[in-house]
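Swiss-Prot annotations:
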- 91-111: disulfide bond (DISULFID)
- 95-107: disulfide bond (DISULFID)
- 1-22: signal peptide (SIGNAL)
């Protein structure tokens, strides 16, 4: 919402503020400083930027996204003794209560 308001303010500012305030004979003191083609191109670009933002497409000038560092799973040897014991117990529990029906020795072989 804030981005849209900012773009609307910029669009309104480009059409209202860029005036020269010196008087020349036969000319209005409020003649736009930008040529109409430049102002129209600027408004068109801002409108496209707003449309992309509304569609969820990333604008061309945004900063690259920050990548999260990959979280590496600890190897079994790097785990603490308590953590290893809990993992083995959990593995044994799921192995023995699972649908496949492994025996205790098969589960112990797989989990340790």
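Keep in mind that glycine also has a Cβ here, set from the backbone N, Cα and C atoms.
This view paints the features noted in Swiss-Prot onto the structure.
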residue: 91; record: disulfide bond; Cβ within 10 Å: 15
residue: 95; record: disulfide bond; Cβ within 10 Å: 19
residue: 107; record: disulfide bond; Cβ within 10 Å: 20
residue: 111; record: disulfide bond; Cβ within 10 Å: 17
Pairwise Cα distance for residue 91 (disulfide bond)/residue 107 (disulfide bond) [Å, integer]: 8
Coarse DSSP state, helix versus strand versus coil, of residue 111 (disulfide bond): helix
